[in-house]
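Visitor: So TrEMBL lists the following for this protein:
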ACT_SITE  Asp41  active site, nucleophile
BINDING   Tyr105  substrate binding site
DOMAIN    143-260  domain 'Pseudouridine synthase I TruA alpha/beta'
Amino acid sequence: SGVMETSNDQSMVGVQNYLEKAAQNLKPIVPIKFHISSRTDAGVHALSNSAHLDIQRAPGKPAFNEKQLLYSLNYHLKPEPIRILNAYRVTDSFHARFSALSRTYIYRILMGCTHYSEIPVFERDLCWAPAGGYLNVPAMQDAAQFLLGTHDFSTFRSLNSETPFQSPVRTILQADIRPSSGFLSQHYEHRRLEFWEFKFRSRSFLYRQVRRMVGALVAVGQGKLTPHHIKELLEIKDSRAFPSNAMAPPSGLFLKSVEY
């Protein structure tokens, strides 16, 4: 239901709520707050997100070491599809969100499906199978080159409450489209399904920027746009100019890593 904390009156519960509930079992003096690096939306996955937290223990109690913290939190997260992978002690000046040097996202596309019912059951909600079967990959790769570098990405962001306070200028350090493998795909090679991965790296991204970039590139792959249209969309600098219904769904998007 998204990574960010939701309030009690909302039916959806964010990953942050589960983390903070698990952390309360550590019996801190002050409730533990997680400050999360990347605010992934509902339906988006994270292979490795990061957060920082402060723990104040009762007087005379020793500080937790990394392993204790890891095992304790995971024990209380057991029923949920959430795991702590690592814990590190950091300086007081460290901030999970603002200290990040870059973030890497991957988006998984499945080609060769003529109908959504052909998506392998073990891949459901973990990829996007765009309508119309196969895509023109070389055209998408050409189009992706226009996204590299520093640009005003106004056309490629969805509007939200932070929009007026955020610069639309971002620097895309990497924009690759490469063949990939599916879960157990060697067992259904006869079905001629192809997995491809879009990989984007930047210090930070605008709201839904990656999903819009992927959607526009897929439109190029479907022949609805030309590679040069991507350059034109960048130059227009207006989120309303983005093609309607072209945004990629959240299911194929994964936050791969946050680099410090």
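Placed from the backbone N, Cα and C atoms, the Cβ positions cover glycine too.
All TrEMBL annotations are machine predictions without curation.
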Visitor: To the nearest whole angstrom, state the Cα distance for the pair Tyr105 (substrate binding site) and the residue listed as 'active site, nucleophile'.
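Guide: Between the Cα atoms of Tyr105 (substrate binding site) and the residue listed as 'active site, nucleophile', the distance comes to 13 Å.
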Visitor: Tell me the Cβ neighbour count for the residue listed as 'active site, nucleophile', meaning other Cβ atoms within 10 Å of its Cβ, over all protein chains shown.
Guide: 15
Visitor: Within 10 Å of the Cβ of the residue listed as 'substrate binding site', how many other Cβ atoms can you find? Include all protein chains, please.
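Guide: If we count other Cβ atoms within 10 Å of the residue listed as 'substrate binding site', we arrive at 25.
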Visitor: What are the DSSP helix, strand and coil residue counts for the domain 'Pseudouridine synthase I TruA alpha/beta' (143-260)?
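Guide: DSSP composition of the domain 'Pseudouridine synthase I TruA alpha/beta' (143-260): 47 helix, 32 strand, 39 coil.
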